[in-house]
Amino acid sequence: MTTITTSNLGFPRLGRKREWKKAIESYWAKKIDKAELDQKISDLHRENLLLQKHYNLDSVPVGDFSLYDHILDTSLLFNIIPERFQGREVNDDLLFDIARGNKEHVASALIKWFNTNYHYIVPEWDNVEPKVNHNVLLDRFNYAKSLNVNAHPVIVGPITFVKLSKGGHQSFEEKVQTLLPLYKEVLQALVDAGAEYIQVDEPVLVTDESEAYEAITREAYDYFDKAGLADKLVIQTYFERANVKFLSSLPVGGLGLDFVHDNGYNLKQIESGDFDSSKTLYAGIIDGRNVWAADIEAKKKLIETLQGHAKHIVIQPSSSLLHVPVSLDDETLEQSIEEGLSFATEKLDELDALRRLFNQNDSAKYDKLKARYERFQSQSFKNLEYDFDSVPTSRKSPFPERKKAQDARLHLPDLPTTTIGSFPQTQEVRKYRADWKNKRISDEAYNNFLESEIARWIKIQEDIGLDVLVHGEFERNDMVEFFGEKLQGFLVTKFGWVQSYGSRAVKPPVIYGDVKWTEPLTVKETVYAQSLTDKPVKGMLTGPVTILNWSFERVDVPRKVVQDQIALAIDEEVLALEEAGIKVIQVDEPALREGLPLRSEYHEQYLADAVNSFKLATSSVQDETQIHTHMCYSQFGQIIHAIHELDADVISIETSRSHGDLIKDFEDINYDLGIGLGVYDIHSPRIPTEDEIATAIDRSLQQIDRSLFWVNPDCGLKTRKEDEVKDALTVLVNTVRKKRASNNQNKPA
């Protein structure tokens, strides 16, 4: 009979209560020294390893843990260091500077990890000298062994690593070939240290481009085979279906497949005989990306099916558990809903229940989880009726007519300036919000504080000279969680944190029921801010696509239905702001690109649904109300036409780390709506120079009509320090003023 063992692909770095984030940020703020940081991080790594061992995993991953990002770790391992940072000792401080930038150099680009809300640091190949630096992966493997944890190393594979890179004169194949001897050196050291197998992550092999990479993929793994490493390697895929027949033909010991997000195709290939049954099948059967409890009976049946096609099966999550919170243990949720949830440790418990059932005929834990799932499923969360057809999905007039009405109302100057929405969330801001949520201060005291911060920042913006202002979003912990707290159908957890990028953690709400707007969400603060200035203040909302993509979505209702329910709720808030006299309303969609399916066959429907939902949320307003949107952290080339179809009066896009790449996208489309391409990187503490901002503006104006162009930072300023914000915005405004003066001088008399 086929043996069943358990494994994991990766575990959350943050810690139950964000201990990882707090330690790293304390080091950045010089509140602790490097020795104390190392101790705190070592303690957390130890806790993670032992916690996974506690759930009886047969093999625990090492190499998934990182001080910032595992792709950046791989870059440093192989000396793929940006030219501007070369010549320094390869250590954690270098890692942080590459990721965040410093006063002398800009940070490396930050891009979404496939279709998730995690972000990786893009490796740069310009003028690099690849070699193996200190093998941190070996250190972590040996550390796990010292704790008596049976571990397997995890490393991103050469095909995926090169695909996620940029720069350099070499071809794709040449870069892979350059890395192969370095991978061999690292892998051999791990095998020599006793690694039973090594998880080689190759998620790029589930994308449309995977067929184009088959030749170089075979060359790479043939190389490892000739080095005697083949039996120790497991090619791990996730997030979509893979070409099982091709991957099974490679000389490796095992193949990891996603049986949750593959739309059923991986199972069909297995049943068709495409899997080489002499290899180990690493079956991703527990959802690594969502927080709902597994249908444990369905998983049992899936394993029984797979047993007919593989001699050895390892059951595991469908992807790294990096994308879900650590544990439900510290939550105080309504039991009827909590029974339907499963965070990282609960997912490991589900694996343990299945392992016990199959290997030991022990059904106690399985029966308990099955009963719990059935109790949750017996409830009904579909209670509301919606009339989607009653809300318009197009504006009353085309953009040229709307622009005339808006220009007449707003009286904005040439190259209008604005920010994206948020201002620094200082320790004081966070303390007041926490004290209010925990009922340590009154509503009146909290509202008085919010009004004082709003007033202070309205004055700061006026003094700097910005043209369209914002209230600062001091009442919001997160741009999605805030709406999750106020819309019906959402659940907000207490400790449900996940890593977004670097030390930035978000707490995605859980959508469990029908979504409904019940009262104004943002009107009070926005109207107060507008009362303090004659300049327009933007209403700040998050769009339906982003709210859905940055939440843990329900799975009992089609995705499009949930998205449109959210759109109707946002439409209600847009109208409430307009009725209150707000002239400019921004509906952010930073996650529109991130949700794009990895397979192009699904793109058209996804984008059509996304555009429809955005227009459902924004089309009820009058022509003179200016609708803005914002997008960030993404590669936009694939969706540039959909961006245009949103028909937003103004879109601001995060581009500072890859400005040239985005400008190229506009060469293929005559973009005839308002647009601001972010002119400096807010993720870095570095203050931009006037020359840098002027260059960014000039480059943009080569492709974009000046009358349509806005000047703004590339993202919200929530994570920056107050002085950094003031200094950077002052440089921005001063640069624009000089551009205006120069343009006026060049106009014919």
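Each residue, glycine too, has its Cβ placed from N, Cα and C.
Among the candidates GLU645, GLU654, GLU722, GLU724, the residue that Swiss-Prot names alongside HIS630, CYS632, CYS715 for the Zn(2+) site is GLU654. When the candidates ASP295, ASP564, ASP571, ASP588 are compared with the L-methionine site entry in Swiss-Prot, which names ILE420, GLY421, SER422, GLU473, the shared residue is ASP588. Swiss-Prot names ARG18, GLU19, TRP20, LYS21, LYS112, TRP550 for binding 5-methyltetrahydropteroyltri-L-glutamate. Of GLU594, GLU601, GLU604, the residue it gives for the same site is GLU594. Taking every pair among ILE420, GLY421, SER422, GLU473, ASP588, the residues listed as contacting L-methionine, the largest Cα to Cα separation comes to 13 Å. A gap of 6 Å separates the Cα atoms of CYS715 (Zn(2+) binding site) and ILE420 (L-homocysteine binding site). In sequence order, LYS40, LEU44 are the residues of the chain that are 6 or more apart from GLU19 (5-methyltetrahydropteroyltri-L-glutamate binding site) and have a CB within less than 8 Å of its CB.
Nearest neighbour of GLU473 (L-homocysteine binding site) by Cα distance, taken over the recorded positions LYS112, TRP550, HIS630, CYS632, HIS683: HIS630. DSSP classifies CYS715 (Zn(2+) binding site) as coil under the three-state reduction.
Applying an 8 A CB threshold to same-chain residues 6+ apart, the list for ILE420 (L-homocysteine binding site) reads VAL470, ASP588, HIS630, SER652, ASN712, PRO713, ASP714, CYS715, GLY716, LEU717.
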